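A short worksheet on the structure shown next.
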Amino acid sequence: MALIATKISSRSCFVSAYPNNSPTFLISKFPNTVDSLSPANTAKRSILRNVHASVSNPSKQFHNKTSLEYLHELNIKKIKNILSANVDVPSENLEMIDVIQSLGIDLHFRQEIEQTLHMIYKEGLQFNGDLHEIALRFRLLRQEGHYVQEIIFKNILDKKGGFKDVVKNDVKGLTELFEASELRVEGEETLDGAREFTYSRLNELCSGRESHQKQEIMKSLAQPRHKTVRGLTSKRFTSMIKIAGQEDPEWLQSLLRVAEIDSIRLKSLTQGEMSQTFKWWTELGLEKDVEKARSQPLKWHTWSMKILQDPTLTEQRLDLTKPISLVYVIDDIFDVYGELEELTIFTRVVERWDHKGLKTLPKYMRVCFEALDMITTEISMKIYKSHGWNPTYALRQSWASLCKAFLVEAKWFNSGYLPTTEEYMKNGVVSSGVHLVMLHAYILLGEELTKEKVELIESNPGIVSSAATILRLWDDLGSAKDENQDGTDGSYVECYLNEYKGSTVDEARTHVAQKISRAWKRLNRECLNPCPFSRSFSKACLNIARTVPLMYSYDDDQRLPDEYLKSLM
């Protein structure tokens, strides 16, 4: 029913992949051989180990904190100089940009990356280069919001529209084409075919083989970069670097140093934010008054960390965690606690924001609304002081919409009514809680707080509703109930089976998977220029969709273990 809340719910194989003129450095992504004792590998391990030691052990720092910061800035400046030096031949920066983004350190190089990709986009369609280069160019441009037409891949197709034999054993190129295909939008038949062909062909090439290269390919197929939250892609990427056995360019070593220091800083930042979140939740006191409701501040702040990933947005993440926590609590009130009559009154109170109407409600509902009012007022005052605009009305309306959607589902369950799939999804997109959370995120980012933009966000635009559809349907693919929930309600799968008599569960689940794929295509399209929203907000919408699969990785007890959540930080 609610956001973030579940209801019912060997080497020989690849030897032909590298043309003689292929770049030899690592991340082209897969080496021809893996030698964990190679000099290059030993050097890379040493870089990572020494940087970590210098940061984590004060007695082994270069001299003092200033020295470490100086070296960090020196490495950043070195990379910026390389990117700027290639300004007349921007395509030479593509591999470096891919590495920077894969390591999650693009915050330091935003201007240089934007300038490079903009220049490449202005050059128009480029059909020259091998498959890997073409697909990489396509992916990087689309990630930045540039609409590159799929016709760029015409040279790899034969006259019948199939893929030419020359690319069928190009593992490096096929892998990059697979990654690029995940940014396709509706109506792109060439990329639909590329996704199906590369997935099948790469599995075929890897069949019966055991190697690190195979493992990395299989990880890419299971977790394509575009649909995977950044923290996991950077960890996977660093792991690849550590065991790659090739001579890599000097700039890669500089990037590794930057990434390692950033990683250590981020861990410290995260620990501080989590400490503040736990303190806030304890002082709020809801855990005592709404005893059966979930108390999971670690999980709630994990969502905020993944949605707003810029390290400079600590205050915004802490504030976003607060409404996320209330989504969970109110969801449990509707699912577990409340009688239908009480839920109807509670919804009316939220809709009118009427404190007087609380008198007839039980204490846990009164306390919950008071917490909701306090959080909404706190956020509104902060935004008004910072930006001169009062978001109170918009925030209250989002809570009213959520509660009304919860109430609809409560009535369905109470009466035994199983809605049509269309009815279910129309309401489910709202009851997912994604719209409410993304409205808060938009306001907290403080970008373009104009009447027109806020009204657009309030209307649950495609960039938000697509992400909500992904969450709702992912939720319903799960067969387990969320932890600590005694209540139940219908799922899309149940509605489908009821509406399409004779269908099997497998057929229903296949249908759901197809709808998720279409929702991703719509979300991809919404994030391309011209987009009415900032890149930071577009990325936040992508991030919430990327985070969904992670938050449904339950253990045997249908819980998200704390250690698992900590590993995501």
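Note: Cβ is positioned from N, Cα and C throughout, glycine not excepted.
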Same-site residue for (2E)-geranyl diphosphate (record: Swiss-Prot; known: ASP331, ASP335, ARG472, ASP475; options: ARG294, ARG352, ARG366, ARG509): ARG294
Recorded (2E)-geranyl diphosphate site residues ARG294, ASP331, ASP335, ARG472, ASP475, farthest C-alpha pair in Å: 19
C-beta crowding around ASP335 ((2E)-geranyl diphosphate binding site), within 10 angstroms: 25
